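Visitor: One structure, as structure tokens, below. Some questions next.
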Amino acid sequence: PVAMGAGFGAGLGLALASSAFIGGSFVLKKKGLLRLCGRGRARAGQGGHAYLREWLWWAGLLCMGVGEAANFAAYAFAPATLVTPLGALSVLVSAVLSSVFLNEQLNVHGKIGCILSILGSTVMVIHAPQEEEVSSLESMAEKLKDPGFIVFAVCVLVSSLLLIFVAGPRYGQSNVLVYVLVCSAIGSLSVSCVKGLGIALKELFSGKPVLKEPLGWVLLVCLVICISIQINYLNKALDIFNTSVVTPIYYVLFTTAVMMCSAILFKEWQHMVLDNIIGSISGFLTIVSGIFLLHAFRDMPFTPNLLPLFLQPGRANPHLPWSSADRHQSCQHQPLLPSEDKGSQSAEEEEEEEE
């Protein structure tokens, strides 16, 4: 496991703060878009830009900006394979705030999902990979010239263009994956730009003539383009589909893309021992399971009918005749919880005694 140094602790703290701000930004943006929809303005999913005049949307954008700035700083202290998966906590923040401000229900499955996500995040922190040290823009330039990364970047750009111009007009309004895939693919490149700019800032503060280096400016322009594309298509996805659908899918796809990009560019997995590799993958899969539980069953009420037969009320006693158990559960309007059954039965007995 990675040593818990001061730099690592700073990166971890910044990543956690980033998750809180980004999770809140999803809810603020959605609230702003819902207010616009209520006023009958052109929706973002249909190409409208009325949200630019909505203060709640700008508050969400400001929160996202603060979160991304904290994220930006976190990448300077900790490996991307650690910082990015911790974005799961933004999903938890988004889920809790959505249940409060957007009336999106958080049931038992959601609470279990929250716990799993936190456990998975903890495991990933413990088994965080060490990345190859990139101390200068020159070494960053060498890594960007790596044939593996060039192939990856070309694949990302080509697939994004196909999604935007071919799949978007046909399936964008009906399939949540189209716009979210664009955000995720472009987002993996933006993380590489952030890492490079973090190195450039470190060199600038140490007194090196970084402003004369063209690579720093190229990375800055690429980052601005990538973030603009992400904001635009994330807005479209949030406007068309439920927050509880967009957020987890975006998290899983974005994190997977970033982990692939970081593994190719920074060789983070090259020097890891087997138990840390297994720990990191297990932690990530645990987070994904938690995110799935949190949102896949979000609108499903948790009732005793969902429990295994031996745990269901009326079936706990194996000697109880099946006919009597079925009689209690055959009517849809029968109370499901045993305490309610007992309450109704005692009320009936009291009425009989009074008579």
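Even glycines carry a Cβ here, placed using N, Cα and C.
Curation does not apply to TrEMBL; its annotations are automatic.
Straight from TrEMBL, here's the annotation block:
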- 6-28: transmembrane segment (TRANSMEM)
- 55-77: transmembrane segment (TRANSMEM)
- 83-102: transmembrane segment (TRANSMEM)
- 109-128: transmembrane segment (TRANSMEM)
- 148-169: transmembrane segment (TRANSMEM)
- 176-200: transmembrane segment (TRANSMEM)
- 215-233: transmembrane segment (TRANSMEM)
- 245-265: transmembrane segment (TRANSMEM)
- 277-297: transmembrane segment (TRANSMEM)
- 322-355: region 'Disordered' (REGION)
Visitor: Against the transmembrane segment (6-28), which of these stretches has the most C-beta pairs under 8 Å: 55-77, 148-169, 215-233, 277-297?
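Guide: The stretch with the most contacts is 55-77.
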Visitor: Is the number of Cβ-Cβ pairs under 8 Å between the transmembrane segment (148-169) and the transmembrane segment (245-265) three or more, considering only pairs separated by 6 or more positions?
Guide: yes
Visitor: Quick test of the contact rule: Cβ under 8 Å, at least six residues beyond the ends. What residues does that give for the transmembrane segment (245-265)?
Guide: 26, 79-81, 84-85, 87-88, 90-91, 94-95, 131, 143-144, 146, 148-149, 152, 156, 176-177, 180-181, 183-185, 187-189, 191-192, 234, 237-238, 284, 288, 291-292, 294-295
